[in-house]
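Working notes, beginning with the structure itself.
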Amino acid sequence: MTSADSHETRQVMIRLEKLTKHYPGQQRNAVDGLDLDINEGEIVVLVGPSGCGKTTTMKMINRIIEPTSGRIILNGEDVTRTDADQLRRRIGYVIQQTGLFPHMTIGENVATVPKLLGWDKSRTDARVDELLNMVNMDPEIFRHRYPKQLSGGQQQRIGVARALGGDPTVLLMDEPFGAIDPITRDRLQNEFLRVQSEVRKTIVFVTHDIDEAIKMGDRIAIFKEGSQLAQYDTPEQILTAPADDFVAEFIGRGASLKRLNLSYVGDIDPRPWPTVSVSTSIAEARETLRNAAESALIVVDEAGRPHSWVSPEELNRAGEGSSLKEIGQTPRAIVEPRATLSDALNELIAARYAVTLVVDDTGKLQGVVDIEQINDSIRSMRASAVTEARASLGGEP
Amino acid sequence: MSTQAPHLKTANQETGVAGSRGLSQYLVMPVVLGIALLALYVYVSLQELDSIEERSLNAARLTRAVWEHIQLTAVSTLLTLLIAIPLGILLTRPFTRRIRPYIVTVLTVLQAVPTIAILVLLAVAFLFLGFAAAIVGLVLYAIVPVLLNTMVGLEQVDDAVLEAGRGMGMSRTTVLQKIELPLAIPVMLAGIRTALVINVGTAALVTYINAGGLGDIIVAGLSTNRIVVQIVGAALTAILALLIDYIAGLIEDLLRPRGL
Ligand SMILES: Nc1ncnc2c1ncn2[C@@H]1O[C@H](COP(=O)(O)OP(=O)(O)OP(=O)(O)O)[C@@H](O)[C@H]1O
Ligand SMILES: [Mg+2]
C-alpha cells in the first residue's frame, strides 16, 4: 500500500524481457513476449482470467518452468541460464496446495532452505523459531508437529514461513490463500501484510481474485489471454482509470466501492459534532443541543472516550436530579484512523444518526464521518486519477 | 503356503486399528507360533515312528532344511530388492516415460507364468539345477510385486510436494532421497513383504530341482507315504512363513515415516 509515486525511485529487482513460453503441442504461446519490471520491496500482483498465463509467468521467474525465449534479470544479474537450484534458494516459493513435506515436522519443513544453504544447527534453529513467531505460530507448540496435525490456515502460514527460510530477497506466491475460507483468508492476508511491512521482500503474487489483488498489491498487473498486459499500475489507478474495457469489465461493477478499501479514515478530516462531558448537567446539555444544528449529542467520559448518544426526547424525559451517565444509548459505530473508508461506510449505514465516530488509538473521540465526506473523497480520488492518466498520455508522442 | 498370507494380513490390520500397536500386541504372534511349534513337537513325540519316519524327522535333517529354506528366502529376496528397487526408481524418472508401459507389461506377463514352470524350464532346457537355479526362479517371480509397489509408491507422491522441493532449490537427487523415497516407503515395504511371503512359500517347491529347503521333508513324506513327515514339513513351512511375515511387519512399522 505504498503511495503511487514512490515506486518510480526504487530499484528494479526483477526484470522480465520478452519472456515467452511455448508448451509443446499447444497452438499459442502461454506467455508471449512479456516485458515486466518489478521494483525492490513491492508486492506485484498478477491477476487475470483463468488460463491467461499468470502461473506460467511466475514459475518462469524461478525456472520451475524454463522459458522458451526471453530473459530474466534478477537484481541486475541475468539468471536465465544460471544454475537453477542455486537460483531457487534465493527465491522464496509458496504454492496454493502448500506442498509441505508430510513426513517432516514443521520445524524440519521451515529449516529446508537453511539446511540446503549449509547453515549450522544453532543458526538454523534460531531462524526456525524466528519465522514461526513471525507467522504467529508458537514454536514450543508447533515445532515438533507434523503438517497433517495443522489446520489449512496454519499449514499456509507454515508455507509462508518455509519460503522465508533462507531470507530470500524475492518471494513468489501462487494463489497462496486460494483454498482457504473467506474469514481465515482475510486474517491471513492482514497477517501477511504485517509480515511484509517487517521483511520488505519483493513479492510476485498470483491470484484470480481482483479484490485480493487490490488489497495485497502495491501494483497490479492485469493480464489478458497469452499474458498480454492489459494494465500495470497501482490499485488506485486501475480502479479509477481502467485502461480499457477489458480492465473495466474485469474489475466489475463495484469499482467505486472497492476504491473505499484503499483509503483510510485517517486520510480524511473528521467533522466536529456537538459533544458534552458526562459531568455536564442535564440543563446545560439541553442548552447545548438547542443551539446545535444536529439532532443529538455525543456524551464523552472523563478521558474523552465516547460514552453515549443522547436524543432531545431522552433529555426532556430525564429528571433534574439525574446524570448524563444514566441516560442515552451506547454508540456502536466507532472506527479507528487505520480503518478503511469501506469499514466506515459499513458502520455508518447501520448507525442511528448516519455517522460513525472516529477515535484515536487511546479511544479518544476525534469527530465523526458521514456519507457526504466519503462521497467527497471518492470524487477527489477519481479526479486525481484522471489527471494522472492524462499526464501519462501527454508524455507519449 | 501363500494362502496363509492374506489371513495374517487381516489379523494385522485388526490389531493396527487401535493406533500404534502396544507391546502386548507385538507379542501375540511369537507366542502363537511358539505354541504351534510345541504342539507339533508333542504330537510327533506321541507317535510310534517307524525307521523311515525316524530318518526323515531327526533334528540335524530338520535344522538343515529350515536353514536352507531361510537362505533361499533371504538371498532371493535380497537379490529381488537389489534389482527391483533401482529399476522401479529408474522407471519413474521422466526420461523413461516412453518405455515404461512395455517393461511393466512384460514383467506382468512373466509373473503369470507359474514358478514351477520356470523352475522346470531352467532344469530341463538349461540343465540348470541346485541353489543358484532356485534363486533365479524365485527372484524372477518376486521382482514384479516389489517393482510395481516401488513405482506406485513413488508415483503417488503429491506433485505439489515435489514442486515445493524443487522450488526451494533441492536437486533431483535430493528430492528423491529426502522426499520421494521416504514418502514411498510404506507402499514399497508392502511390496517387499509380499515378495518375502511369496519367496518363503515358493522355496518349498525348489526341492524339485535339488535346491533343498523344507520342500525336501514334504516330498520325502509324500514319496514314502508317511503322513507324519508330510505334516511336519508343511507345518514347519507354515510357521516359518508366518514368522518371516511377522518380522517383516515389525520392520514395516519401524521404517514407516512418522507424520503420514
Ligand atoms: N504443463 C503444461 N502443458 C501444456 N500447456 C500448459 C501447461 N501448463 C499450462 N498450460 C497452458 O498454458 C496456459 C496458461 O496456463 P497458466 O497455468 O499459466 O494459467 P493461469 O493464468 O495460472 O490460470 P489459472 O488462473 O487457471 O491458474 C493455459 O492455456 C494452459 O492450458
Ligand atoms: Mg494458475
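A Cβ is built for glycine as well, from the same backbone N, Cα and C atoms used for every other residue.
Model, not experiment: these values are computed from the prediction.
What TrEMBL records for B:66-248 is domain 'ABC transmembrane type-1'. Marked as transmembrane segment by TrEMBL: B:26-46, B:66-90, B:102-122, B:128-148, B:181-207, B:227-248.
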Contact between the transmembrane segment (B:128-148) and the transmembrane segment (B:66-90) (3 or more Cβ pairs under 8 Å, separation 6+): yes
Dominant neighbour of the transmembrane segment (B:66-90) in B:26-46, B:102-122, B:181-207, B:227-248, by Cβ pairs under 8 Å: B:181-207
Proximity of the transmembrane segment (B:102-122) to the transmembrane segment (B:181-207), 3+ C-beta pairs under 8 angstroms: yes
Chain residues outside the transmembrane segment (B:181-207) and at least six past its termini with a C-beta under 8 angstroms from it: 1-2, 4-5, 69, 72-73, 76-77, 80-81, 84-85, 88, 115-116, 119, 133-134, 137-138, 141-143, 145-150, 152-154, 156-157, 161, 213-216, 218-219, 237, 240-241, 244-245, 248-249, 251-252, 255-257, 260
Beyond the flanks of the transmembrane segment (B:227-248) by at least 6 residues, Cβ under 8 Å: 1, 4-5, 8, 29-30, 33, 36-37, 40, 43-44, 47, 49, 52-53, 56-57, 62, 65-66, 69-70, 73, 189, 192-193, 196-197, 200-201, 204, 214-221
Beyond the flanks of the transmembrane segment (B:26-46) by at least 6 residues, Cβ under 8 Å: 15, 57, 228, 231-232, 235-236, 239, 242-243, 246, 250
